[in-house]
Amino acid sequence: MTDTARTHHDITSRDQYPRDRDQYSMIGRDRDQYSMMGRDRDQYNMYGRDYSKSRQIAKAVTAVTAGGSLLVLSSLTLVGTVIALTVATPLLVIFSPILVPALITVAMLITGFLSSGGFGIAAITVFSWIYKYATGEHPQGSDKLDSARMKLGSKAQDLKDRAQYYGQQHTGGYGQQHTGGEHDRDRTRGTQHTT
């Protein structure tokens, strides 16, 4: 049985060999194409390297040009500032008794105008809020104002009731004169003091 298996294996392997050989020859042709493509790729890489080198050189030239021009402009600005200070310093020293009070006055005027403008805007905002509240539009925060008004009203009513109660008590509204302390304790307990 092993002999038949070998022969069968040998036969099938022989039958497959020519096909494998065709595949190998195809692979060889592909290898040649790839080697040609590899040469093209090398040429492309060389061209790409040349291109990237020229690009880097262009970037460097641009950077040097821009940096140099900015350096020249900054040095001109520095020279102009030094010349202006040289000319202006004696003038500032001579006119400082006039300029310093003038600058202080101008600063105070500007501050006054800005603050009065701010107060004017605040006043307009407040009057607008009051107008909306008075016309019943319920602006923002009006519910807090209403609750505070209710609390204040209830406290005022409570104080008024206490004043009436103590006023009637001291004037003899309950039929007798009261000295004070005993009746207050009894009132908190819910009983009346009789003497």
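Every residue gets a Cβ built from N, Cα and C, even glycine.
The following features are taken from Swiss-Prot:
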type     : residues : note
COMPBIAS : 180-189  : compositional bias 'Basic and acidic residues'
REGION   : 60-131   : region 'Hydrophobic'
REGION   : 169-195  : region 'Disordered'
TRANSMEM : 68-88    : transmembrane segment
TRANSMEM : 90-110   : transmembrane segment
TRANSMEM : 111-131  : transmembrane segment
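Mean pLDDT across the region 'Hydrophobic' (60-131) comes to 94 in this model.
Secondary structure of the region 'Hydrophobic' (60-131), assigned with DSSP and counted as helix (H, G, I), strand (E, B) and coil, comes to 72 helix, 0 strand, 0 coil.
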